[in-house]
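Taken from Swiss-Prot, the feature Zn(2+) binding site covers ASP45, ASP49, HIS153, ASP157. Here Swiss-Prot flags 12-32, 39-59, 82-102, 114-134, 156-176, 178-198 as transmembrane segment, drawing on sequence analysis.
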Amino acid sequence: MNQTYGRLVSRAAIAATAMALALLLIKIFAWWYTGSVSILAALVDSLVDIAASLTNLLVVRYSLQPADDEHTFGHGKAESLAALAQSMFISGSALFLFLTSIQNLIKPTPMNDPGVGIGVTVIALICTIILVTFQRWVVRKTQSQAVRADMLHYQSDVMMNGAILIALGLSWYGWHRADALFALGIGIYILYSALRMGYEAVQSLLDRALPDAERQEIIDIVTSWPGVSGAHDLRTRQSGPTRFIQIHLEMEDNLPLVQAHLVAEQVEQAILRRFPGSDVIIHQDPCSVVPREIKKFELV
């Protein structure tokens, strides 16, 4: 599982970096030729794309390293750090766009040959849609937070390129402030995406529990297993591709230790079949030692 995860995540990071570099060169030419502030917005975004994707590429490779003596739980948290760094990069580009857009709203300037800008934007739109489709497939397979953050960023690029097409079309017909207005709207959307991405990264760094649906699946597996009378103290978190799951099983007092161990092993394997690659810790408690107030299962 880890080999497949590493291969897919690395390919997604390389694809994003390569596409960002190619589009940057095209957008530099288009901005120089047309003077469009919307294309400048796209150019700045491509610079951020490159910085973010390179950060992803380096951090993902680090996060895939196996656990060592100093990092006994592995290096998966590096993915959350990459997502947090991306959110800061993107916020900076959004603020730059605000300033540039306001300046052009106050003093609009006609652009040269919007047709060139439209052609470049169509190319960027098609390439970005292809990349986002590939990234979405990788996220479904790996649940990588770094790739998900990159995908959210490029999804905003799809909307941005669509808005730029409209702005260039309006400018072509003499609505010169449309270029700056759309660039301002793009900046607002980019900032929103950055804040959302940063929030998710911080939650992961703070060891937020797995989604309710996944925790409920764990509860269902455990409480329906023969030999398990109940369960409590479920604790979960995720670091990179690895889910960490801890739970206490309640068993009959007179159950032999060997049999209790066998039941716990079976439950662990059942959880691993549902969530491959997880780190599962199970503690067995005799029913008589479980306080009455925690008999009823609660998510922790």
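A Cβ is built for glycine as well, from the same backbone N, Cα and C atoms used for every other residue.
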What stretch of 12-32, 39-59, 82-102, 114-134 shows the most Cβ pairs under 8 Å to the transmembrane segment (178-198)? 82-102
Count the Cβ atoms, other than its own, that fall within 10 Å of the Cβ of ASP157 (Zn(2+) binding site), considering every protein chain shown. 27
Same chain only, please: residues at least 6 beyond the ends of the transmembrane segment (156-176) with a C-beta under 8 Å from a C-beta of the stretch. Say none if there are none. 36, 38-39, 41-42, 45, 49, 108-111, 114-115, 117-118, 121-122, 124-125, 128-129, 132, 182-183, 185-186, 189-190, 193
Note down the number of other Cβ atoms within 10 Å of the Cβ of HIS153 (Zn(2+) binding site), including every protein chain shown. 28
Give the sequence-ordered list of residues that share a chain with ASP49 (Zn(2+) binding site), lie 6 or more positions from it, and have CB atoms under 8 Å from its CB. ALA16, ALA20, LEU23, LEU24, HIS153, TYR154, ASP157
So around the Zn(2+) site, ASP45, ASP49, HIS153, ASP157 aside, which residues have their CB within 8 A of the centroid of those CB atoms? ALA20, SER46, VAL48, ALA52, ILE90, THR128, TYR154, SER156, MET160, ILE190
